[in-house]
Amino acid sequence: MRLISLLKTKDGKVLIENFLSLSVLQIVTMLLPLITLPYVLCVLGYENYGLIALATALIIYFQAIVDYSFKVTAVRDVATHRNSPNKLNLIYSRVMIIKLAFLLLSLATIMLIVSLYPPFYKEKELFLYASLSLVGFALFPEWFFQGIEKMKYITLINVVIKIFFTLSIFIFIKEKGDYAFYSLLASAGVLFSGVIGQWILYKKYKIKFIAPPLKSIKKIIIKNFPIFINQFVPNLYNNSTSLLLGLFVNIETLGIYSAIRIIIDLCVMLLSIVSRVFFPFINRKKDAFKMYRNLMFILVTFGLLILFASSNLIFWYLNLNHPLALPTFLLMGLSILGFVAYDIYGLNYFIIKRQDKLVMKNTIFCSLIAFAFSLPLIYFYGIIGASLTLVIGRFLMGGTLMYQYVKVKKY
C-alpha cells in the first residue's frame, strides 16, 4: 500500500516518468543489439565478434577511469544542489575538467598497450576505433540528467543514436572484414550522443563553464577515490573474464561467451533501471529504502524464472549449439542475484549513507578474491570457469554487504 500511495504523489509521478524513460532507453539499448546480433554473428562470425568483444573489454577498464565514480558522486551532488545554478556550474566544471584529464591519460595508455603487445598491435585499427567511444563517454552528461531527475533526455538522445547505429549495421556491415568498421560505427554514435548532451546543458539549462580553483579539483579527486575504487575494482573479475578468455582459450569461445552475456546483461540492465531511478529519490527520502529493497527482490525472482524458461528459444535465436552453452547461461543467470544484492545494499544503502569506505573495502576484498579464482578457473575450465568467476564475484560482493546491513540493523 505504501508503494501505491507513493505513486500518487508528485514524487511518485517523477519516479514513474524517470522509470519509463530509463526503461525505454535500456530496452532499446539491449533489444536493438538483439535484433542485429544474429546478423552480425552470421556476417562476421563468432571469431571476429570475439575480437570486437576483446577490444571492448580493454576499453571498459578505461571507461571506469574516465567516469571516476561521477555516475554516483556527481549524481548525488547535483541532486542535492539542483536548485542552485552557481553550485551546478561549479559541479559541472569540476567534473568535466577531471573527466577530460583522465580521458587524455586513458587514450595515451591504450595506445601504449596496443603498440607494445603484438596481438593487439595486429588489430590496431580495431582498438583505435573502439577507443574513440571514450571521448563520447566523457562528454555525455548522464550524471547531470540523472541528478536533476530528467532521464528523458538520456532516453531521447540515446534511442535516436542507437536506431541510427542499428540501421547502419545492415547498410555497411557486409563481410567478415568489416568488424573494425562495426566498432567505428558504435564509437561514432557514442561521440555524437556526447556532443548533443553538452549542447542541451548549454541551451536548456544554461550551464556555464567556470574555472574552479585547482585546490578544489584536487580535493574532489581525493574525496571520490574510495567510490572510484569501488566502481573500478569489480572489473578485475567482471571484465577480465573476457580478456582472459581471449588470451587463455580462443577468440571464438570469447565470441560465444559475449553473445550469451548480452542476454544476461539485458536482465541486469532492466533491474538496474529501478536502482538508478530510486537512487536520487532515496537520497532525499531515506525511509523509501525498504520498499525499494522488497520491490527489487520480487523483480529478480520473476525475472530469473522467465529467463531460464526461455533458454531454448534464446539458443535457437542465436543459432548457438555449443555443448557448454546451457550451463554457461544458467551460471551467468544466477550471478544476477548477487548483482541485485550489491545494488540494494551497496549503492542504494551504504553509499547513500555516505559510508563510501565501507563499500570500497568490501569491493576491493571481494573483487581480488574473485580475480584470484578467475585465473585458474578460466585457464583450466574455459567458458565455464569464466561464468563461475562471475557468480563468485557477484555473490561475494552482494552477500557481504547484505551481512553488513543485517549487522548494522541488529545493533
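In case you wondered, yes, glycine gets a Cβ from its N, Cα and C as well.
Bear in mind that TrEMBL entries carry predicted annotations, made automatically and left uncurated.
Taken from TrEMBL as is:
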- 20-46: transmembrane segment (TRANSMEM)
- 52-70: transmembrane segment (TRANSMEM)
- 91-114: transmembrane segment (TRANSMEM)
- 126-146: transmembrane segment (TRANSMEM)
- 153-173: transmembrane segment (TRANSMEM)
- 179-200: transmembrane segment (TRANSMEM)
- 257-282: transmembrane segment (TRANSMEM)
- 294-318: transmembrane segment (TRANSMEM)
- 324-351: transmembrane segment (TRANSMEM)
- 363-382: transmembrane segment (TRANSMEM)
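Only pairs six or more apart in sequence are counted, and the transmembrane segment (257-282) with the transmembrane segment (91-114) gives fewer than three Cβ pairs under 8 Å, not enough to call it a contact. Between the transmembrane segment (324-351) and the listed ranges 52-70, 91-114, 126-146, 153-173, 294-318, the one holding the most Cβ pairs under 8 Å is 294-318. Long-range contacts of the transmembrane segment (126-146) within the same chain, counting only residues at least 6 positions beyond its ends with a Cβ under 8 Å from a Cβ of the stretch, are 51-52, 55-56, 58-59, 62-63, 66-67, 70-71, 74-75, 78, 88, 92, 95, 99-100, 102-103, 106-107, 110-111, 114, 120, 153-154, 157, 179-181, 183-184, 186-195, 197-198, 201, 205, 207, 276, 279-280. Beyond its flanks by at least six residues, the transmembrane segment (91-114) meets 58-59, 62, 65-68, 70, 74, 77-78, 81, 120-121, 124, 127-128, 131, 134-135, 138, 141, 143-144, 201, 207, 209-212, 216-217, 220-221 of its own chain at Cβ-Cβ distances under 8 Å.
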